[in-house]
Amino acid sequence: MSREINVNQMIDDSKLTPFHWRVIILSTLIIIFDGYDLVIYGVALPLLMKEWAIDPVTAGFIGSIALFGMMFGALIFGTIADKLEHLGVSRKKVIAVCIILFSLCTVLCGFSETTTQFSIFRFLAGVGIGGVMPNVIALVSEYAPKKFKSFFVTLMFSGYAIGGMTAAFLGSILVPLYGWKIMFMIAGIPLVLLLPLMKVLPESIDYLVRKKKDETVRFIMTKMVPSYQYQPDHVFVLNSSNQNQAQAPVKMIFQEQRAFSTMMFWCSIFMTLIMVYALGNWLPKLMIEAGYNLSKSLIFLFSLNVGGMIGSILGGYLADRYNVKFVTMGLLLLGAISLSLLSFQFSSVILYILIACAGAASIGAQIMLLAYMAKFYAPNVRSTGIGWGLGMGRVGAILGPILTGWLLSLQLPHFYNFLALSIPAVLGIVTVFLINDRRMYQPEPISPIANQNDTTTVKVNEAVSH
């Protein structure tokens, strides 16, 4: 008589092991590549505008091209990853395709000789960048113990800020010496690391169970739950909501009275992405306009991403102990205050602190929203929900650089530029508050192991001793 082993429940109840850290470190590395490729446009922008005689409005549109690609990437790759598993296209393969796409096209940007060529490659790179995010989030969420889910997702996405910090730091050293193209050449490193990375990154556990790859599942479960002892009568199963993931349509993210909250997630991401990409693309130029040189302006961008990393990790830690909604709202409030204060004149040290706070708020709140969605949606629609949230919210990312370029073209006093950027933070507080947590996914309270033909509950501590 067979005994069912619910792998999702065992992972939810597991304690942290080296295998968990392997998943989070490798996933964070992917997001570091992602963040670097996205931020380097802001690093190169001052020299690009000078070399190609680009006006602020045109520069804003070029900056939004990659974000437009990210919208398509998130919508396409976020959705098809939940549908293609029955064709043998695993989530890890989708991630690999996205890495190749954004790395190769970013390198090709460095060989561009016209704004048209540059824009085409930035768009294609954006498709890859946008596609990798929902799939890596879904992968990490599958392997994260329940009490660490928010922390794992936000820790992983602190890699975006690390990538931005790396781009800003290297840019402050290399760009004045070698020009802007060197930054795009460095983006080819993921292509070299791809094969070893894919070899050690585990496949989606849900995919492995559905495909009956029992030997691999058994190996992973013994790594994640060392006390688990496999028996020949054990049969690996998933939560009922995970079983038919490949057949999950987009409409499911609107069902069970989730439609309004789904729309509020979209609006919240829209607001945070306006801030993230307006600052990420234009902060060096804004600080140059305020009277700082190129190297120092790039250090301000470095400070923004340092704040983003701290805000992401701290926010994830707090979200697993308190309400993720109010942690996100608190970060947005910090953003509204710090961006408003940037409108005034302060010493460089105070400016660094305020910009770091703005990074914690904008980047941190954006990443908190991704962790929020990972908890809100059931596993069978998680990648779809996150992908569509990122895709629809990308409209804000697209508008952010364009609107900031338009603001600069008006040549308004420095005061108004940052004051305008604080408005999305205020609106974001409202939209996050309106998300209905009563519609959040609740996994069924079942034992990790039960008799397939007997519904009698087996105690959890017995699950690892049979």
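Heads up, the Cβ atoms here are built off N, Cα and C, so glycines get one too.
Per Swiss-Prot, these features apply:
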type: TOPO_DOM; residues: 1-22; note: topological domain 'Cytoplasmic'
type: TOPO_DOM; residues: 44-60; note: topological domain 'Periplasmic'
type: TOPO_DOM; residues: 82-93; note: topological domain 'Cytoplasmic'
type: TOPO_DOM; residues: 115-119; note: topological domain 'Periplasmic'
type: TOPO_DOM; residues: 141-150; note: topological domain 'Cytoplasmic'
type: TOPO_DOM; residues: 172-181; note: topological domain 'Periplasmic'
type: TOPO_DOM; residues: 203-258; note: topological domain 'Cytoplasmic'
type: TOPO_DOM; residues: 280-297; note: topological domain 'Periplasmic'
type: TOPO_DOM; residues: 319-325; note: topological domain 'Cytoplasmic'
type: TOPO_DOM; residues: 370-387; note: topological domain 'Cytoplasmic'
type: TOPO_DOM; residues: 409-414; note: topological domain 'Periplasmic'
type: TOPO_DOM; residues: 436-466; note: topological domain 'Cytoplasmic'
type: TRANSMEM; residues: 23-43; note: transmembrane segment
type: TRANSMEM; residues: 61-81; note: transmembrane segment
type: TRANSMEM; residues: 94-114; note: transmembrane segment
type: TRANSMEM; residues: 120-140; note: transmembrane segment
type: TRANSMEM; residues: 151-171; note: transmembrane segment
type: TRANSMEM; residues: 182-202; note: transmembrane segment
type: TRANSMEM; residues: 259-279; note: transmembrane segment
type: TRANSMEM; residues: 298-318; note: transmembrane segment
type: TRANSMEM; residues: 326-346; note: transmembrane segment
type: TRANSMEM; residues: 349-369; note: transmembrane segment
type: TRANSMEM; residues: 388-408; note: transmembrane segment
type: TRANSMEM; residues: 415-435; note: transmembrane segment
Lying 6 or more residues past either end of the transmembrane segment (349-369) yet within Cβ distance under 8 Å of it, the residues of that chain are 150, 153-154, 157-158, 160-161, 164, 265, 268-269, 272-273, 275-276, 279, 283, 299-300, 303-312, 314-316, 319, 324, 327-328, 331-339, 341-342, 389, 425, 428, 432
When counting C-beta pairs under 8 angstroms to the transmembrane segment (298-318), the leading stretch of 23-43, 94-114, 151-171, 182-202 is 151-171
Same-chain residues at least 6 beyond the ends of the transmembrane segment (388-408) with CB under 8 Å of its CB atoms are 56-61, 63-64, 67-68, 70-72, 74-75, 78-79, 130, 133-134, 250, 253, 262, 265-266, 268-278, 281-282, 285-286, 289, 369-370, 373, 416-417, 420-421, 424
For the topological domain 'Cytoplasmic' (141-150), the DSSP helix/strand/coil residue counts are 8 helix, 0 strand, 2 coil
With the greatest number of Cβ pairs under 8 Å to the transmembrane segment (120-140), the stretch among 23-43, 61-81, 151-171, 415-435 is 61-81
Residues outside the transmembrane segment (61-81) whose C-beta sits under 8 Å from one of its C-beta atoms, at least 6 past its ends, are 38, 41-42, 45, 54, 89, 91, 94, 98, 115, 118-119, 122-135, 138, 250, 273, 277, 281-282, 383-384, 386-388, 390-392, 394-395, 397-402, 405
Relative to the transmembrane segment (415-435), the stretch among 94-114, 151-171, 259-279, 326-346 with the most Cβ pairs under 8 Å is 326-346
Other same-chain positions with a Cβ less than 8 Å from the topological domain 'Cytoplasmic' (319-325) and lying at least 6 residues past its termini are 147-151, 154, 368, 371-372, 375, 432-433, 435, 437
Counting Cβ pairs closer than 8 Å to the transmembrane segment (151-171), the top stretch among 23-43, 94-114, 182-202, 326-346 is 23-43
Relative to the transmembrane segment (94-114), the stretch among 23-43, 182-202, 326-346 with the most Cβ pairs under 8 Å is 182-202
Long-range Cβ contacts under 8 Å made by the topological domain 'Periplasmic' (115-119), restricted to residues 6 or more beyond its ends, are 52, 54, 58, 62, 65, 109
